[in-house]
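Per Swiss-Prot, the features are:
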| type | residues | note |
| --- | --- | --- |
| BINDING | Lys38, Val39, Arg40, His104, Arg105, Lys120, Lys127, Arg128, Glu129 | substrate binding site |
Amino acid sequence: MGKSKVSLVKKPEDFNIEEAIALVSSSSTGGIVIFLGKVRDENLGRKVEKLIYEAYDEMAIKEMERIRNEALDRFPIVDALIWHRIGELEVGENTILVVVSAKHRREAFEACAWIVDEVKKRVPVWKREVTDEGEFWIEGDRHVPVKR
């Protein structure tokens, strides 16, 4: 998949978790926390068929790099990695991978949660949800019907 710690991964390619762990590991690593986002089968009472992720690639990569660098400055961690998938993803498929290494688990957990929250808030990746009731753009907690 490449050796970058920040990446947009185009379907059909998926995450290589062992590679991700190796990229953030060092002799000072005491623990690693992994967040792996998945496409679930239900949202707000609607049956989800798939999610379609689109991105402004260059800007998304730059913002993910900023978030990673901010996490390295803000938390006492060893390293961090952010990979986000793009394309049509079926129920059960992986969507985002955040891996954080630290000397101690608490810092790794806190940094990982912060990174996931910041990616959702700041990175120009758009999520379209295809359900049994139609298609919706997901904007935070808002669901906006797709107009055709």
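Each Cβ is built from the backbone N, Cα and C atoms, and glycine gets one as well.
Using a 10 Å radius centred on the Cβ of Arg105 (substrate binding site) and all shown protein chains, the other Cβ atoms total 12. When secondary structure is read from DSSP and collapsed to three states, Arg40 (substrate binding site) falls in the coil class. In the three-state DSSP assignment, the secondary structure recorded for Arg105 (substrate binding site) is helix. Annotation for Arg40 (substrate binding site): same-chain Cβ neighbours under 8 Å, separated by at least 6 residues, are Val48, Val91.
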